[in-house]
């Protein structure tokens, strides 16, 4: 795969979608045509599974079933969108990927790490991100932001969970970043959108320069 695969991770209300849009605009200004996608979803099959997961219909069957649904959606997403885009040399910006499964189903779902690693390996089949930006914000602040963004819409299955669960996921993302520093970069998301975007642009521009693309 010859493109660049960048994933954005973090808790609810961390500002991932906003920062993806800002980075995409920056990349377009430099002549790139980035692919913007999300998980769960990103391909027709994965979007169908997304509805089942976020509606809460899968929750009844427990975290193991939910993890398998995420893996099935991810496999289709990688096969139908991510891998072809990377083969074309495109830059792929993805809102959530493997680390969300590790944090949500693995850590707070109390699923065995070996089990999670096995289904992750099958789902991505080698399509690891080149860079993962972990947008870090305390759970209380993130949930407050998410609520304001949502307005009168109903909170999804994950937003409804206890704040202690959200904080545990935050710590899980930070631990992943500590364990994989070559791939992961923690970004302080409790700042203005502009300051966050500036740091992200700097990180990405450095990689593009190293690759001789900028």
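Every residue, even glycine, has its Cβ placed from backbone N, Cα and C.
Here the Cβ of residue 12 (ATP binding site) has 23 other Cβ atoms within 10 Å, regardless of which shown protein chain they belong to. The ATP binding site annotation in Swiss-Prot covers 10, 11, 12, 13, 14, 15, 16, 17.
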ATP site, defined by 10, 11, 12, 13, 14, 15, 16, 17: further same-chain residues with Cβ within 8 Å of the Cβ centre: 135, 137, 142, 145, 146, 189
Have a look around residue 10 (ATP binding site) and count the other CB atoms within 10 A of its CB, chains all included. 27
At a 10 Å cut-off from the C-beta of residue 15 (ATP binding site), count the other C-beta atoms across all protein chains. 23
